[in-house]
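According to TrEMBL, the protein carries these features:
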type     : residues : note
TRANSMEM : 47-67    : transmembrane segment
TRANSMEM : 74-91    : transmembrane segment
TRANSMEM : 111-132  : transmembrane segment
TRANSMEM : 153-173  : transmembrane segment
TRANSMEM : 193-216  : transmembrane segment
TRANSMEM : 272-290  : transmembrane segment
TRANSMEM : 324-341  : transmembrane segment
TRANSMEM : 353-373  : transmembrane segment
TRANSMEM : 609-630  : transmembrane segment
TRANSMEM : 642-663  : transmembrane segment
């Protein structure tokens, strides 16, 4: 022992920290891996993410059954940790771009291989993390003797602290690893490292746990109470169905039909458990909203500005707000909020706390919807079917007028200026009439629908030069990257290089293709021309923007460029997500902590495992609800989906409040004491009958 604690628990705590780091680290970057590496859209990424989370919360029932009925906790943890580690390694391998990038163009040549490996890895991880979830904490509790109740209680506090520590650190670290660039033939976002580090931590978790093997107190499997409960319920239903005719007298409770086979104590305990499980029915809706932190809210953050002064926050790092606030809010609520409510003589019962938690979660999604409305205002509008967009850039030294024929519209463009994108019906626009003073030229156009174009114009001493460029950009850059291209407004050919990326040779008044650059940084530009090289530093472009940079002058120390904004950068700051995270964390504190506390207080001691399984099942069902609602709603606007989820939870909250109003609190200890007393009376009665029978037999 060490400081009065069994030495073995230190291995268990370290094991739990590493495992939680592995799980939450992998999960933090998962939805972005689906979206950016596997190239799935937002809806499919969200659906697969929540399917995985649901599976992680369904498998604990399987793990508990294996541990209690077959292998025991130690062997179950070791066996499923091996499965878990293999799953993490497979996920890391699946994210290696060079695995199928045979032509070395930076894109996987066979995405199906990566998808297949990813799905195998996720299934193995779900089996592993879910299977060991109900075993590790219980195995830690087994290490203590009956007279070490105080140490056992402190162990569980340290155990849950290790869970939060692993979650918090991994959610900070793995998005940073993901944001790095790595690869053999081409540099990509480093998902292999982001998944590889959690895989290494899971392997370390397994090694640490096995190293402590000789110190563990290993309790042999003694059967699972859940099986007994299910058998009791099944027999009661079957027996009631077989005796459904009126000739059989009714019984006080339908479970009483199990009394023909099962003892009175098990039936009474099952009644108490079912009473609590009935209250669980509305709870999955809370988890449907809560677990969208890792999917919809993370995707929302990808369209926001993550520049916090000198620190660039990754979209998936915003999830760290939740564990940070949990650490702050749990003691604040327990020490400050609840005592204040008590002083106000408000009877804030556990079920009322759960109701408030559901209401707050609904409010958090209203806040998320308001943020989404502001984000939508900043998003560019791209041409729809049957439409085209044109932007005019005046590269000349005097003002120009551009008419869109036949007689659709006309604009005046100042010297060295440009217009915003203008939308036209593709079939109606035939030509462009460009006028500089008394000079005029007609540009015939053949546009494609759903495309953007840029018209570059310039007046020379003798004529007007007009060049129509296809922009080839149909969406806002993702992951906070920027699209950059150059227009050569110099009289000579130039060769442009920016941040190590060559744009090739640009002839006068020609434009390069767009190239992708990470957001939030300043890049050096080098220009080679006949009169000699020149260089300069461009401005920082923000995140998620597209720019056309017009090079007007570059000689020696003179560097003159103009920035035409094709797509505005993300302007809504990620800090605006903090209020919704704060409200949701407050909801979690009063909902989750209270829910488990209430459940345990209303069920007999030997039924804790059944309630734990029921509680985890509500999380799984909640994630399945996300799949159903998001798939069935068909809402085109994300803010509307947030409002839909908020409205559904509010409706469920009202239903739960009604159920809670009619709920009668019980004392399981008192009921079990009554059962003990009845059993003692029955034993005495049986003893008297036995003694009388013996006496009668002796007289004969």
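Keep in mind that glycine also has a Cβ here, set from the backbone N, Cα and C atoms.
Just so you know, TrEMBL annotations never went through curation; they're auto-generated.
The shown structure was predicted, so the numbers you read here are calculated from the model rather than taken from an experiment.
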Top Cβ-contact partner of the transmembrane segment (74-91) among 111-132, 153-173, 193-216, 609-630, 642-663 (pairs under 8 Å): 111-132
CB contact flag for the transmembrane segment (642-663) and the transmembrane segment (272-290), at least three pairs under 8 A: yes
Positions whose Cβ lies under 8 angstroms from the transmembrane segment (47-67), at least six residues beyond its ends: 23, 27, 30-31, 34, 40, 73, 76-77, 80, 122-123, 125-127, 129-135, 221, 224, 226-227, 291, 294-295, 609, 612-613, 616-617, 619-624, 626-627, 630-631
Contact set, same chain, for the transmembrane segment (193-216): CB under 8 Å, 6 or more residues outside the stretch: 6-8, 10-12, 14-19, 21-23, 25-26, 29, 33, 74, 77-78, 81-82, 84-85, 88-89, 91-92, 94-95, 139, 143, 170, 173-175, 177-178, 180, 182
Outside the transmembrane segment (609-630), six or more residues from its ends: residues with CB under 8 Å to it: 43, 46-47, 50-51, 53-58, 60-61, 64, 68, 133-134, 224-226, 229, 273, 276-277, 280, 283-292, 295, 595-596, 599-600, 603, 641, 644-645, 648
